[in-house]
Structure formats: structure tokens, C-alpha cells
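What follows is a short report on a single structure.
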């Protein structure tokens, strides 16, 4: 038996969707453990591109149980729209394989309005939020005033909690943010209708997980965003509002740390970031634009162009450390195929000092300059490679150098967006 956690090892958008899609073949359950619809997983199935924001990627595989855990914040409208779209495409028909934790928190309309209004007032201090209400929903969760799915399903409880919440939220919207307040009726009627649809999928998912673990089933835990966006371990305050690291797989589902066997970090062969915050290897030149266009680096959720830069070994070393990575899945190696020279950041220069580890102090991090090592590019198409030996020697040398710098084995190399454009060096489910 092997249970595997998949985490982003950079700032998100590393290609987790494709890797999870591949690993799902070997799992019985696929479990989403944090975040909300601020994340977008892009999958290419045949010639069709499918983008999922909430539902685990495993939904595209027949016979796999998909669970959205208690660590997720759920926008009911988005969830229902995803189900409807998947059913219309013939990708999902069995409601019994999709479960929602009764304990997860619900994103309300006022969360979204507050999110957008705050960002608009932030000026130069913008975080780069997606405006989906994720942060305000987690605020209510931590403040012990959130509305959970089990509350939404009980009209009496929902009525009481919504009235209490609106009293506070409308004051905030009107008096502090200058925004229009909400009426009780408009939210209650809309969300009561959502509840009727959601009821089909609700379960005590922690109990289900432990029953499946006891039965010897294999679990795949699917994270969203990336390590450097973790609320505790990321580049705070330029982070998301949940625990994106491997530890979140336990707190966000009810699984025990003893149940986790392998932790795979997903990393691009270069680096991207969306929104504000430090990014030492960012390229604001022709090379950066080339990475963006060749890699299709535009957000699956927002459509925003991603900031692009060279591979940063310090970021990956940090991800290995705080997640306890047992392997790295390297994605988008093919995007580098047209570069004559490829750079790797092996350290930072700060005030005349050489830094070999990621600084925790944001003021220092923002002033760090990358120290590069240059490697020759392979300048040939690698999308047909299906084994490591199929890669050009210079591409193999590049991968081995990244592995050496990370201090963690690379267990998968992706050379294109399709499922079959993958070189699996080691299967974590067979470890």
C-alpha cells in the first residue's frame, strides 16, 4: 500500500493537474485538501483541454472516488457549474464517486465582494488576489464564524448564521469599503437552492478515508497552488490563505501523517509566478516573453499573464525541506528546447554576501539578485521522448543538474501537455 501527496514546489501553476491525472491511474481515491476555485488545473485528454477549479482531476477516470476535503473552501455555484459542464461532455455521470466533506466552509457572496473591494483599495500594496473570496472565507473559518456545508443543509442553522454574518459583513461593506450591502433574502434563496443540489454529494469524508485506508486502498492527495504560496511557509504576505504544503494534506482531510508514504513536489523546468511578491529570477526581457508564449503561461483561472524566470534551485531546496519531498516531477522541459543557453539560479547575492538558502525575511528576499550557472541548450524537439535515454544528452545533463541541486530524485519528466508525453522514472505508488 502507498499513499501519495502531490504538492506544488514553486509558486503554483507547476503542472500538478497533469501529474495527478497520471498518478490517478494507480490510486483508488483522489483527495483535494485545500484552496478553492482560485486554482485551475489544466488537463489535455486527447485533443480536448479540460480546466478544473474544484473537482479533483481523478474525476476523468472511471471507478475512482474523488473527495473534496474539509480544508477546501467551496463556492457552490462554481462547483455545480463544473459538474454540469463535465456531465455535458460525458466525462462524469456517477454522482456516487464524488464526495464533499460536510465540514468544509462555504464561500458566500459577501466574501467575494469584500475580496475585490479590499484589493481595489490596496493600491501599490496589492497581493494579486483572484477576487474569488477565498481569503475572506478562510478569515471567517479561523475566526470561528464561517458557514460550513453542514450548516447550509440545515435551514434553521443557516438562517441564524447568515443573519449573524450579514450584520457584520454589511457594516464592513458599507462603512469601511463603501460597497453595497446584501439583503438576507437574496442570499438565502440562492444558497438554499444550491443546498438541494449539494446534498447529493455530502459525506463524513474523514470517516470514508479511514475506512478506505483500513481496506488497503491507495490514496492520492491533490494540493493546489504551491509551497511558496503557503500561508505559513510562503513569501508572506504574498501568499494564499491555506496550507499548501504537504502537512495540509492531513489537516485538510483528517488523514494521519502516518498514512502518508510518498510526497511528490511538482516543479517546472523554469519558474513562474502570478500576482505580486518577490521573484529573483524573473525575466522582463525577450527570454521571459519567449517562456510565456512557448509555455502558454496564462492563468487557467484568471487568464492573467504569468511572470516567468529561470529555474531557482533555492526555491526547490526549500520545498524539499518543508515538505519532506521524496521525489520531484519536472514539467515543461520541452518549453526550454529553443534556448541556446539556459540559466539556473544556484544562489543569491545580497549586500555583497552570497546566500545559499532562501531568506525568510521578505525585505531581504526582495533585494536578492540571482547568481546564475549557465548550461547549453539542446535546441531540438523533445516532445516525442518516452524514456530518459530518448532525451538529447544536453537535456539529460540539465535534468541531472537540477536533481543534484535539489538534493531530491526526479521521478517524472513531462515533455508536453498530453498524458503520453511523459517519462516516468519511478512510480511513487510502487515505492
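The count begins at 1 with the first shown residue.
Positions of Cβ are set from backbone N, Cα and C atoms, glycine also.
Features as listed in Swiss-Prot:
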- 12-18, 40-42, 306, 332-334, 414-416: GTP binding site (BINDING)
- 13: active site, proton acceptor (ACT_SITE)
- 13, 14, 15, 16, 38, 39, 40, 41, 130, 144, 225, 240, 304: IMP binding site (BINDING)
- 13, 40: Mg(2+) binding site (BINDING)
- 41: active site, proton donor (ACT_SITE)
- 300, 301, 302, 303, 304, 305, 306: substrate binding site (BINDING)
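Between the CA atoms of residue 15 (GTP binding site) and residue 303 (substrate binding site) there is a gap of 16 Å, rounded to the nearest whole number. Under the DSSP three-state reduction, residue 225 (IMP binding site) is assigned to coil, being neither helix nor strand. Long-range Cβ proximity for residue 333 (GTP binding site), meaning a same-chain Cβ under 8 A and a gap of 6 or more residues, is found for 269, 382, 391, 395, 398, 399, 413, 414, 415. Each of the recorded positions 18, 41, 304, 306 was scored by other CB atoms within 10 A of its CB, and the lowest score goes to 304.
DSSP gives residue 415 (GTP binding site) a coil state; it is part of no helix or strand. Each of the binding-site residues 12, 15, 40, 303, 305 was scored by other CB atoms within 10 A of its CB, and the lowest score goes to 303. Within 10 Å of residue 40 (IMP binding site), as judged by C-alpha distances, the recorded positions found are 13, 302; the full candidate list was 13, 302, 306.
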